[in-house]
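Dumping the structure here so I can ask a few things about it.
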Amino acid sequence: MVDVKKFSEIDLYGLLGAEISATEAEIRKAYRKKALQCHPDKNPDNPKAAELFQELSKALEILLDASARSAYDKLLNAKKAAQLRTQQLDSKRQKLKNDLEERERRAREAGSGKAYKVNKTPEELFQEEFERLRKEGSKLIEEEQELMRQQLREERDEMQKGSGGKPSWDSSQHRIKIKWKVE
């Protein structure tokens with residue numbers, strides 16, 4: 001199962017190697033390029049290749065869905081703004097801010113059973129969009145993975161053609177005839 005917090009912490013654009021202002025076509029192109037490099041069939045020696053490929057697939061799914069991408073972009077912008085504000089605080093205010101954030105986090109954890117919520121943070125909005133995508137089940141990822149499999153098959157066929165022109169064993173070319181006499 002994929003962890004929502006994990007995807008809210010990493011830079012999906014950086015993972016794919018795409019710009020924040022990239023179009024869907026540019027995102028798809030970046031995904032294909034990166035997926036070819038880290039596909040588990042291309043990297044059988046790398047034990048983390050499958051995990052990285054799954055992360056790439058999920059990043060593509062998030063960035064190609066308009067509402068999930070806007071929620072992720074809001075989360076990313078909020079994090080950048082918060083980081084900028086944090087850098088501008090002096091050490092005393094920084095300590096007070098950290099204490100306040102810790103108390104807020106504990107209060108949220110303690111009061112998570114409440115039925116209402118006044119304002120949702122950008123991270124919570126992103127988590128909701130992420131869950132919606134997970135429940136929907138994305139045909140887009142399946143299509144992209146099928147394209148990758150097709151490209152790998154084509155490459156394998158080209159390599160077989162390039163290495164002697166014949167596959168190593170073709171049953172239609174070889175026949176064995178066996179005869180014996182019963183005594």
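Cβ coordinates come from backbone N, Cα and C, glycine included.
If you look up TrEMBL, you'll see 90-111, 151-160 marked as compositional bias 'Basic and acidic residues'. According to TrEMBL, the feature compositional bias 'Basic residues' maps to 174-183. The domain 'J' feature in TrEMBL is assigned to 11-76. Taken from TrEMBL, the feature region 'Disordered' covers 83-121, 141-183.
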Sort the residues of the region 'Disordered' (83-121) into helix, strand and coil with DSSP and give the three counts.
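Residue counts for the region 'Disordered' (83-121) by secondary structure: 26 helix, 0 strand, 13 coil.
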Please work out the mean pLDDT for the residues of the domain 'J' (11-76).
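Mean model confidence (pLDDT) across the domain 'J' (11-76) is 88.
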Please report, as numbers and ranges, the same-chain residues at least 6 past the borders of the region 'Disordered' (83-121) whose CB is under 8 Å from any CB of it.
128
Quick test of the contact rule: Cβ under 8 Å, at least six residues beyond the ends. What residues does that give for the compositional bias 'Basic and acidic residues' (151-160)?
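The answer is 36, 39, 41-42, 167.
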Is it possible to list how many residues within the compositional bias 'Basic residues' (174-183) are helical, extended or coil according to DSSP?
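Across the compositional bias 'Basic residues' (174-183), the residues distribute as 0 helix, 0 strand, 10 coil.
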